[in-house]
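These notes concern the structure reproduced below.
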Amino acid sequence: MGADNQTLVREFILLGLSSDWDTRVALFVLFLVMYLVTVLGNFLIVLVIRLDSRLHTPMYFFLTNLSLVDASYATSIVPQMLVHLIAEHKGIPYVSCAAQLFFSLGLGGIEFVLLAVMAYDRYVAVCDPLRYLVIMHGGLCARLAITSWVSASVNSLMQTTITFQLPMCMNKYIDHISCELLAVVRLACVDTSSSEIAIMVSSIVLLMTPFCLVLLSYIQIISAILKIQSTEGRKKAFHTCASHLAVVVLCYGMAIFTYIQPRSSPSVLQEKLISLFYAILTPMLNPMIYSLRNKEVKGAFQKLLGQLSGLTSKLAT
């Protein structure tokens, strides 16, 4: 059936956001700027962590992974969307559509698992600070990161395989900005109930398992913070988790609102906008949250800027 499907449908057409040329040009400029900010911001986070030895700690190791995932996730969707905003033909080959779905699902899943891993890291930092570096040693951090990448990739491969084994007949118009999971499933010309159930179960497992681990970690963290006697101590402990908590709310809030909902809502336009904000806004805001709310990252940025300024002055003279 998969082979017949490829014979009948060699290319999909993405309908995108708008058919009005002026609107598409304006969106192209806006999304291009946001995409460049996203890639630059996440690249700078990785660079600063790499160059500043003070940031060679478990928390920033996981933040490096998160920044790489954010930049890659945006890259799996936005460049193709930008091309389609100004191109007359909005086709995407069958294989490219499958690849885009695999990478976007995989990278999105990695982010959710990483956030759970980072919540555990914050739990150890707050609840057992004296043994933090002993518990969160390099080997454990590497295994946790590898688990995040592998588990999400396997889940993505399974969902992509299920989706593209469905017969599409001659349905090739995807009413979305990218090859999004549910938008592609809707093209099937057979009953997709069993496939949707399998996809929903795997999505819930990948979303809710890390989410429950995040909740459990923060219940323990809040309990530990409330036991701290001094106000200054409480503020310091909360500040340790503030950036991660903000990213958790942003990422899980978007994802849950997008996928855990009745089939009758939201509208197709709302789905496009939600996916758009998740593909562009979240990866763009994550490095801003970590840089603006984190004194160590801000200090490392200032140090890097000072070094660059000094180097520029030497070259000028």
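Note that Cβ sites are derived from N, Cα and C of the backbone, with glycine treated the same way.
Where the annotation comes from TrEMBL, it is an automatic prediction and has not been curated.
Predicted, not measured: the structure shown is a model, and the values here were computed from it.
Residues annotated as domain 'G-protein coupled receptors family 1 profile' in TrEMBL: 41-290. Per TrEMBL, transmembrane segment is recorded for 25-48, 60-78, 98-120, 132-152, 197-226, 238-261, 273-292.
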Hey, does the transmembrane segment (197-226) touch the transmembrane segment (98-120), meaning at least 3 C-beta pairs closer than 8 angstroms, sequence gap 6 or more?
yes
Give the nonlocal contacts of the transmembrane segment (25-48) in its own chain as ranges (CB under 8 Å, at least six residues past its ends).
17-18, 55, 63-64, 67-68, 70-71, 74-75, 78-79, 81-82, 85-86, 280-281, 283-284, 286-288, 290-291, 297, 300-301, 304
Within the predicted model, mean pLDDT of the domain 'G-protein coupled receptors family 1 profile' (41-290)
87
By Cβ distance under 8 Å, which residues at least 6 away from the ends of the transmembrane segment (132-152) in the same chain are close to it?
57-58, 61-62, 65, 105-110, 112-114, 117, 120-121, 124-125, 206
